């Protein structure tokens, strides 16, 4: 039943099918039949399942950081959206959301292999297909399918689901009690709307990771840059910010501006990976450029001014 390394073996078909190592006797390894690799392993060049003993590189950590930020940003958005202008509870809810996501991230790392450590072992991502091994199950006789689906990018795919689960549990444990006590400025039907919105968002985020995890892995730096630019322009336009003086009127506007600058910096760092510090660090000087460009040109694009000048021209 079992085969050794010196035996002649039939080809192991499929891009991600491999043979598990059953025993090692000196330099001779005994393998099982060709099939799916156990969790925490992936195939090497010889179609042998090997333990994932590497560590996530800088880009992998940046990707995990992006996936961890998504629930937090959505929490903050909905808290701000539903808190109301007269509610004094928004700041405490923001802090609570940050606490929930931070604790969820730490607990997720602690329960990941190796358990009890903030370090995780992982397999290196080689190509986009590594995220979608279910699409590469071979059919040798065009009738029987050999199922070799496993997490070739261990644990970058499943660790996000674990993190979302902890975020959801902590939110349900902490936020309703907090909101019930402090959100006195809102009606009974409004004070829990930010929580209801999050309950809608977590299934959406889960499906997004399940279907588009690999695409997000390669595209998230550009997604950050585009979304941060668009949301900053929309916010400044909706808040009628047309000069530096308008920014200084309310501290909240400065907080939003600095938050977008941090997102700009995160996107630039993710694209450059800071492989060459002397070339990549100067790129961070571009972080304030979109906001400065908006403030300089806002007065020339004011709709009322354009309409008045057009009327005077006629």
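Along the chain as shown, the residues are counted starting at 1.
Glycine is treated like the rest: Cβ placed from N, Cα and C.
In TrEMBL, the feature transmembrane segment is placed on 281-298, out of the ranges 119-136, 281-298. From the options 42-60, 61-79, the stretch TrEMBL describes as transmembrane segment is 61-79. Checking the ranges 22-41, 222-241 against TrEMBL, the transmembrane segment annotation falls on 222-241. Tertiary proximity for the transmembrane segment (61-79) is limited to same-chain residues at least six positions away from its ends with a CB under 8 Å from its CB atoms, namely 90, 93-94, 97-98, 100-101, 105, 156, 159-160, 163-164, 167, 171, 193-194, 197-198, 201-202, 205, 209, 216-217, 220-221, 224, 266, 269-270, 273. Within the same chain, residues 68, 71-72, 75-76, 79-80, 83, 117-120, 159, 162-163, 166-167, 170-171, 174-175, 178-179, 182-183, 194 sit at least 6 positions outside the transmembrane segment (91-111) and bring their C-beta atoms closer than 8 Å to a C-beta of that stretch. Cβ atoms under 8 Å from those of the transmembrane segment (222-241) belong to residues 66, 216, 247, 253, 256-257, 260, 263-264, 266-268, 270-271, 290-291, 294-295, 298 of the same chain, restricted to positions at least 6 beyond its ends.
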